[in-house]
Amino acid sequence: MILHCPVSLSLSFHLNLRTSRIGNIGVTRVNASQRNHSKKLTKNLRNPRRTKLPPDFGVNLFLRKPKIEPLVIDDDDEQVQESVNDDDDAVVWEPEEIEAISSLFQKRIPQKPDKPSRVRPLPLPQPHKLRPLGLPTPKKNIIRSPALSSVSKQVYKDPSFLIGLAREIKSLPSSDADVSLVLNKWVSFLRKGSLSTTIRELGHMGLPERALQTYHWAEKHSHLVPDNRILASTIQVLAKHHELKLLKFDNSLASKNVIEAMIKGCIEGGWLNLARKLILISKSNNRILDSSVYVKMILEIAKNPDKYHLVVALLEELKKREDLKLSQQDCTSIMKICVKLGEFELVESLFDWFKASNREPSVVMYTTMIHSRYSEQKYREAMSVVWEMEESNCLLDLPAYRVVIKLFVALDDLGRAMRYYSKLKEAGFSPTYDIYRDMISVYTASGRLTKCKEICKEVEDAGLRLDKDTSFRLLQLEKQTMSLLH
């Protein structure tokens, strides 16, 4: 049986090329000549692919009834098949059933319905953003450089400018000239509270009348009043110079800041009785004044030993305060006064309160605490403060060296006294007379005549003279030493 198999041109070309390489040179030359005359096909044309047909979405391809091609069946097989069909009950599809099943796949299978598209309502119009049509839209977020910023923002709170205003007012040609000649030029640059610095500076210059004129000028400008800061500064200046009668105002309606300024002005002006009366009136009216007012009053009254009883009363009042607010300087000043008055318990409580407020004590506060315990003759407790001061790496000043050396002399601790005396010189301080005297006394107690003579030489070089008591003790030590030698 001869089978005819058609072969494409490209396949025959490759077969001919392969056979030509084996042995037929003549055929190769013919093919080569033909290849030169005919254009070579590209690869995709030589081996074309069958294009993919798009799927038919009208009918489900998986449930389509397959097509059965007729096969050539022998007679014997046909007889066997017929016998089998006769024996078995074959399932026969009726036309109605076939039509019903095929109708299910004529259309695309419905998918899950999508959510209905939701139309969001427009936002309500905002009245503050509506602008009339035809106007240009203003620029937003404009960044201004410091050079282009308003001059008033740079001037109204500048201390040098405000103090300069006070100097210009002071330099007016005559006392009859009004302060408006200076202030009118800068009225657009001033704000509330600006002139309080100018008024205080006029008070330091001794010009209470000019301060009062400045306050009255500010009252005429609505953007500068009402302002308690200007009023408080004016009252403090007038009270300091005993000119409160020049200003008329209602004390009962005065604010806390105004009353505090009045008390401070009275204290600075020496009106201690008036200041004390104002404090008592405020207490009776259940007005709680700032702690700094009590501190200022205590420091001023403590200058007079005859009024120590008033200081004790104010200290008791200050002790009752739960919201105690003291600066480091005020706390140290109160501790020093308490040491003078012998109120050592109050010194201890103030020192503990200050450390409990998470603040580091200064060398002045440490020195005051050591002096307090030394005055109470609690030398060992005072030594603990010295170690605490050294652990805090606090640099000692001359008063601190004086108190520490005095403490070591009281403890008869010659070694530590000598060490701190050497540290004092290394720090560049010049010993005072009481330090020389304490060192001579501790050397005398230990019988160190040579060291005593060295200290006496330093005293002479410093241009000082020993007192009679110290000189007498040196003579006794010298006599004892001479008697031991003989």
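Quick reminder: no glycine exception, Cβ is built from N, Cα and C everywhere.
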Which range of 30-56, 111-137 is region 'Disordered', per Swiss-Prot
111-137
By Cβ distance under 8 Å, which residues at least 6 away from the ends of the repeat 'PPR 3' (362-396) in the same chain are close to it?
328, 331-332, 335-336, 338-339, 342, 344, 347-348, 351, 354, 403-404, 406-407, 410-411, 423, 427
Distant-in-sequence neighbours of the repeat 'PPR 1' (290-321), which means Cβ under 8 A and at least six residues beyond its ends:
260, 263-264, 267, 272, 275-276, 279, 283, 327, 330, 333-334, 337-338, 340-341, 343, 346, 349
Within the same chain, where does the repeat 'PPR 2' (327-361) have neighbours whose Cβ lies under 8 angstroms from its own Cβ atoms, ignoring anything closer than 6 residues to its ends? I mean 6 or more beyond.
291-292, 295, 298-299, 302, 308, 311-312, 315, 318-319, 368-369, 371-373, 375-376, 392
